[in-house]
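The next block holds one structure in the form of structure tokens; read it before the comments.
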Amino acid sequence: MSGRDNRGAGGGGGGHQPLSNAMGKLKEKLTRVGDELGYHRVESNLSTSNTATSLDTILPEDPFLFPQVSPQRHPQTVRTQRLLEDEPPLSFRPLLEDDDINEPPTQQQKRTPLRASGSLELTPLPPPPTSLEIREHRDRQQRGAQGDELQRSKQSLKGSRVSFERRDTGNSNTNSNKAAESSDEDSFEEKRTGFQQQKATSVDHKGILKDLKHILANDNRRQFQAKKHVSLDVKGTRFLQDLLKESSSEEEFHKTRREFQGRKHQSLDPRVTFKLDKVLQGSSTDSDEEGEDAEHKRLIHRPKDITKPVIIDLKDLESESDEDFLTSRQHFQQQRSISTDSRKSRRLYEMDEMGNKRGENIRHAVPFVRQITEDGKPKLEVYRPTTNPIFIWTQVIAALSVSLGSLVVGFVSAYTSPALVSMSDPNITSFTVTKDAGSWVGGIMPLAGLVGGVAGGPLIEYMGRRNTILATAVPFIVSSLLIACAVNVAMVLCGRFLAGFCVGIASLSLPVYLGETVQPEVRGTLGLLPTAFGNIGILVCFVAGSFMNWSMLAFLGAALPVPFLILMFLIPETPRWYVSRGREERARKALTWLRGKEADVEPELKGLMRSQADADRQATQNTMLELLKRNNLKPLSISLGLMFFQQFSGINAVIFYTVQIFKDAGSTIDGNVCTIIVGVVNFVATFIGILLIDRAGRKILLYASDIAMVLTLFVLGGFFYCKAHGPDVSHLGWLPLTCFVVYILGFSVGFGPIPWLMMGEILPAKIRGAAASVATSFNWTCTFVVTKTFQDLVGSLGAHGAFWLFGAICFVGLFFVILYVPETQGKTLEDIERKMMGRVRRMSSVANIKPLSFNM
């Protein structure tokens, strides 16, 4: 009795020591159990007067965080809770042992303090859920969150898919239904993996696509991102790869991933003007400034009507908050894929919503990519190659101006074919031209072209492309006047040497000028204008030579450079050369003239400046030693090999001595008429090459060209052999002309233009000037050897032996093309250089060809 009274009134007196000890032990046990189970610990003083409150405070209200249980009332930091499968149910009663209290309390004493304090009565808690229930609950939560994210991602993916004008509606509906049915995580991840692989396929620059697929299949996303960046990087920003690789944890990796994506886009975007990295940054603060509104509007649309570009506002592509990151990320990925795709539409496949390949290779697909909004209407069209509309007329004027120089080159090169006949006639010429002197009249021009090719490389670097071409006009006039007024063979040889020197310079500088001024979209067409005009010059020379003697023909040659000289004053220097000399403002004006006043030339100008900076860093003091490096020898040797087989096919011997060959053949057709026919075929074949060169491919045309030349040369050799040693072939007078026509046709579509085209495609940028000079000089050396020795070959081997020798060389050239020459059709210059020497080139290289007349 006394014990109960003392407990009720005392504040912790010594008379109630047993109960105090019991409560202390109870506190220790509760604290220890709470720590083991991960419960919150609340410090509270236990005493005999506040036993109920203390117990109610210490015990957790909800040990299991399930949705059906009310949330905790205490806002302390939540620690990770561990739910053990064998965890015993928590209850108050089992924690008190009988020996802890000397005087056991009654049932009323056990319940009264708690009720008096106003607290809830402690009852045994329900048993904890089993491990199966815990897993089911967690799966429901994850599926709920992932389902929302899945729907957002699918909607975003629908809004940023790639479409083409050729669309299979049936397959589209089927794939859309399949995508809608893929509502679980596994299906979405599987389709997303396919989308990533397909996207990597369209933009892979480094040929490591197999690694990408393998890594992605193994779910190593960090390594996949780093590897993919290496395959796409066109600016040497390898530090971005290290940004991912050096991440010490997944948290750090995800933390730096946005920065990586934004910076990677800047390193990959060839148009520079895109600000899509702001999509990943999740910030719109920069777009709020009025001063930058103009920067968000870029000319990135090019429909079929290129005269009506569309200006769009890139603010629509920016993310307003971090919550929009996942949604906007799909748009960013699609935009980046469009901006970095260098394989053009015929290399892409039509894709469904999830990026899976739908069917056939769309070889002739529309050359631009559309983003489709959710309502199916085009939101944005991006034409890959450039950001400016094609202002075609100024570029046509520039191409025509330099092509008139090619016409002069063609006329000068073909001059000896009709002129030597009248020059050797003593009734027309006041001086005697021996057979040996005649061979030098024909052979000294390519020898001088060799010297001009060597001098042309330094001249175009120091004087400029335009000024170098312009400087050849007056010497062309002087050389023709020297020949026209010649009173001896020496004056003719001097005139031919001066003309050949100018031809060597022009053969190098004309393609360089066009390659640096014409936009890629029209470079193939305008780049063949020099070839066409060169062949026109050959035709003009043949036609005029049929009724003019050698002196009058030379006067005509002196008049042809006059329009060429006038038009060259109207066109600007190449922006690339201005940038190399630090004249930024002049480069901007030149670009404005070439691209049009309405075009935004700043991105292209900045790209030229970056290319020049890269070229300056890679430049060495001794360029010739650079040519001997292993990586550079391979493309140089291929270019030299093509030049060798081009000239030793005998083309210049055929052109130089066409009239003489037909006279020796005893053809019933007049020799001058035959030369005109050959000139017409040569001219027509040029346009056939224009139609086929970007459709059939380089190697296919080389195969066809080589086979045609081999057959015709062997047949022509057989005809001359039968004429000299065999049966009468006078009734086959049409056969030489037929063989010549097929021979010229085959040469003009293959071995005529392609060696010069591939010289600009496969030679590395940093050695382009020196390597092109070497290749040009080698070409003229071969030309000189062939033209100078052709008459000697005919004298020693006979006409049949000379043609059979050329045919055998062409046959060997066929195997050279099969084994060593790469196919460059449809590939960017970066892809070609990576394949040839494992390096990516910055600047746009030359992709033009020397006219057939340059081969003389």
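Yeah, the Cβs are placed from backbone N, Cα and C, and that goes for glycine too.
Note on N45, N427: Swiss-Prot annotates N-linked glycosylation site at N427; no matching annotation appears for the rest, which is not proof of its absence.
The membrane topology recorded in Swiss-Prot keeps L470 and V518 together on one side. Checked against Swiss-Prot, the residues N549, N779 yield a single entry marked N-linked glycosylation site: N549. Of the two recorded stretches, the transmembrane segment (528-548) does not lie close to the transmembrane segment (767-787), with fewer than three CB pairs under 8 Å once pairs fewer than 6 apart in sequence are set aside. Simply put, out of 552-572, 673-693, 767-787, 767-787 has the most Cβ pairs sitting under 8 Å from the transmembrane segment (497-517).
When the topological domain 'Extracellular' (721-739) is classified with DSSP, helix, strand and coil residues number 14 helix, 0 strand, 5 coil.
Most Cβ pairs under 8 Å to the transmembrane segment (767-787), among the stretches 636-656, 740-760, 801-821, belong to 636-656. Sequence-distant residue pairs (6 or more apart) of the transmembrane segment (390-410) and the transmembrane segment (552-572) include at least 3 whose Cβ atoms are under 8 Å, placing the two stretches in contact. Recorded stretches compared: 473-493, 552-572, 673-693, 801-821; the one with the most Cβ pairs under 8 Å to the transmembrane segment (636-656) is 801-821.
Note on the topological domain 'Extracellular' (788-800): mean pLDDT across this stretch is 83.
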